[in-house]
Amino acid sequence: SDLFCKREATLPLYLYLRLQKMSNGYGLVGRTSRCFGDFEKFTICMKTSNEPLATCGVLRDGYLECLHGKDYFGRQKEIAWQKTENERIAKEGGKAGGHGHGGH
């Protein structure tokens with residue numbers, strides 16, 4: 001498309017080629033995939049921004065979080081750890097031990 005050609009000169013070649021070949025938006029059972037909206041927003045930003053690598057980072061992070069859920073799973077792990085730690089402290093009679101978890 002003309003819009004994509006406009007960005008060709010400013011995007012690194014590997015990224016340009018990658019964005020051309022990415023997802024069509026449909027999952028395995030024919031419905032739109034859960035992360036396609038995030039991917040589409042990121043792609044549009046990359047195509048239209050004057051400085052795509054600087055301005056589209058938040059959208060990229062949102063898309064990657066949708067795909068992999070690392071932030072979500074990291075929070076779940078932290079919550080589980082804190083629950084276990086609270087139970088341990090309660091069993092020891094309320095004494096906070098030296099097991100600390102990075103000040104959290």
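Residue numbering: from 1, along the chain as shown.
Glycine is no exception: its Cβ is also placed from the backbone N, Cα and C atoms.
Within the same chain, the residues at least 6 positions away from CYS35 (disulfide bond) whose Cβ sits under 8 Å from its Cβ are TYR63, CYS66, LEU67, listed in sequence order. Taken from TrEMBL, the feature disulfide bond applies to CYS35-CYS66 (among others).
Sequence annotations record features per position, and here TrEMBL assigns disulfide bond to CYS45-CYS56 (among others). If you take the C-beta of CYS45 (disulfide bond) and look for same-chain residues 6 or more apart in sequence within under 8 angstroms, you find PRO52, THR55, CYS56, LEU59.
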If you count, for each of the disulfide-bonded residues CYS56, CYS66, the other Cβ atoms lying within 10 Å of its Cβ, which residue has the minimum? CYS66
